[in-house]
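These notes are about the structure you will find just below.
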Amino acid sequence: MKRLSELAFDNRFARLGDTFSTAVTPLPIASPRLVVASPAALALLDLEPAVADDPQLVEYCAGQCPWPGAEPRAMAYSGHQFGFYNPQLGDGRGLLLGEVINAAGERWDLHLKGAGKTPYSRMGDGRAVLRSSIREFLASEHLHALGIPTSRALCVTASDTPVWRETEERAATLLRLAPSHVRFGHFEFFYYSRQHEALRQLLDYVIGEYFADCLAQPDPYRAFFDRVLERTAALLARWQAYGFCHGVMNTDNMSILGITFDFGPYAFLDDFDPGFVCNHSDDTGRYSFDNQVPIAHWNLSALGQALTPFVDKDALLGSLKRFLPLFRGAWLELMRRRLGFTTAEADDRERIQRLLQLMQGSAVDYSRFFRELGDRPAAAALRRLREDFVDLAGFDAWAGDHLARLARENEADEAARRARMHAVNPKYILRNYLAQQAIEAAERGDYSPVRELHAVLSRPFDEQPGMERYAERPPEWGKHLEISCSS
C-alpha cells in the first residue's frame with residue numbers, strides 16, 4: 001500500500017513562478033481530528049481506504065507538518081463577482097499544495113482549503129469553518145457519483161481553533177482534488193492588470209497541460225476557448241437536468257476544465273421552481289436556477305474578453321454563438337434519458353417543457369418524479385404520479401402523450417426500460433436539510449451521520465435497503481433553509 005509520504009509530486013504550476021502564485025506555509029489548526037474521508041478520492045491517488053486511519057493524514061491536513069514533496073502556493077487571480085469586476089481576489093483561504101501523478105499518469109492538484117492567511121486574504125482570517133467544509137465534501141463526492149463533472153474532496157479535518165463568522169464557530173480544513181485549479185479569473189487577472197506576457201505564458205501552460213489537441217489547430221488560443229466553452233455547456237446541461245443550483249457563479253468560481261468548482265451556498269431543487277435562489281446573499285436572483293445558463297454564457301464572454309490580446313474579437317463572438325445550441329442539445333439528450341427515451345423526436349423539447357411547466361404549477365418534487373416514473377410500468381407510474389399534480393387535465397394530456405411516445409419506441413422489454421431509467425434517475429439526492437442535520441451532529445462531535453450520509457450519496461442510483469429515510473420528501477422546514485457565502 002502506498003504511504004501518504006510516498007506520493008509522487010511534480011509541481012508544474014509552482015514552477016511558473018511568483019507572478020502566478022506566492023509561497024505560503026499552512027497555519028496549523030488546534031487538536032485536529034478526521035471528520036470524514038472519501039475512499040473513492042483516496043483511490044485517485046493510489047491510496048487504500050485504510051489510509052484514512054493514518055494519523056499522518058490529519059497532521060498533513062491540519063498544517064502540523066509539511067507534506068513531503070509539496071510546495072504550498074496561494075494562486076493569484078481576480079474575477080467578476082455578481083457582475084462587477086474585483087481585482088482583489090486570489091487564494092485567500094486555500095493553498096495549492098502541489099500536483100500528484102498517480103499510477104495511471106493522471107495529474108491531481110492537492111488543494112488545502114482553510115490553511116490560514118495568505119497575501120490574498122484581505123480582511124479575512126484564511127480559515128474555513130466546519131459546516132462549509134462538510135457541505136463541499138458531501139457535494140463534491142455526490143456530484144461525481146451522479147456523473148456531473150466536479151472537483152473532488154478527499155477529507156475534512158475538524159479542530160478546536162475558534163473563528164468568527166455570524167457567530168463563533170470552529171475552523172476546519174478540506175483537502176480538495178482537481179486536475180487543475182485554474183479559473184476564468186486567472187486570465188482576467190493578467191488581462192486587466194495588463195500583464196500580457198504573463199497572460200500568454202498562462203495560456204501556453206494550460207494548453208500544453210490540459211488541451212494539447214489545440215496545438216494542432218490553426219489558432220491554438222481560440223481552440224482553447226472553444227474547448228472551455230464546450231465543456232462549460234456540457235456541465236451546465238447536467239446541472240440543469242439534475243436540478244443543481246451552484247449559487248455563486250462568479251468568474252473566479254468557473255473552472256477552465258468545465259467542472260463544478262468552489263461551490264458554497266449550493267442546493268438541489270426540492271419542488272421544481274425554475275426561479276429558485278439558493279444563496280440568501282443573492283438579493284437580485286442573479287444566480288437563480290433558471291439564470292445559470294445565461295450566466296455561464298456571460299462568464300464565457302468575460303473569459304473571451306481576457307483573451308482579446310491574442311484572439312480576434314469577432315472570432316470569439318462567433319465561438320460564443322455555439323454555446324446555447326451545445327447546451328440545448330446536451331440537456332435535451334439527458335432529459336430524454338431521464339424519461340426513458342432511446343430515440344429522438346422533433347417535439348421532445350416541447351414535450352419536456354410542458355412537463356416542467358406542470359411540475360412548477362404543482363410544486364412537484366423534481367428528483368422524486370423522475371425516480372418514481374421508473375418504479376413501475378409506465379401507466380401505473382403515471383397513475384401514482386397524477387396524485388402530485390393540481391392541473392389534472394393538463395397532466396392527463398401530458399401522460400397520454402408520454403405513453404404514446406413510449407409506444408413509438410417499440411421497446412418490448414419494460415423491465416429493461418425501467419432499469420435504464422433507474423441508472424440515470426437517482427433515488428438519493430443531497431438535500432439541504434440532510435446536510436444540515438449531519439452538520440449539526442458534527443458540530444456536537446458526532447461524525448457518524450455525515451459519514452453515513454456520504455456513503456449513501458456515493459451510490460445515489462442504488463436502492464440501498466434500510467436507507468430509505470434519506471430518499472424521503474423534505475419536511476416543509478427543510479425546503480426553506482437559507483445558505484450564505486460565509487465559509
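Every residue gets a Cβ built from N, Cα and C, even glycine.
What you are looking at is a predicted structure, and each value in this text was computed from that prediction instead of being measured.
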Same ATP site per Swiss-Prot - residue from Arg107, Arg170, Arg183 joining Gly90, Gly92, Arg93, Lys113, Asp125, Gly126, Arg176, Asp262: Arg183
Site with most surrounding Cβ atoms, counting all protein chains shown within 10 Å, from the binding-site residues Arg93, Arg176: Arg176
Packing count at Asn253 (Mg(2+) binding site) (other Cβ atoms within 10 Å of its Cβ): 20
In three-state DSSP terms, the structure that Asp252 (active site, proton acceptor) belongs to: helix
Least Cβ-crowded entry, counting other Cβ within 10 Å, from the binding-site residues listed as Asp125, Asp262: Asp125
Proximal but sequence-remote residues of the same chain as Asp252 (active site, proton acceptor) (Cβ under 8 Å, at least 6 apart): Tyr77, Ser78, Gly79, His80, Gln81, Leu89, Arg183, Phe184, Gly185, Asp262
Sequence-distant neighbours of Gly90 (ATP binding site) in its chain (C-beta under 8 A, six or more apart): Ala74, Met75, Ala76, Tyr77, Ser78, Thr118, Pro119, Tyr120, Phe189
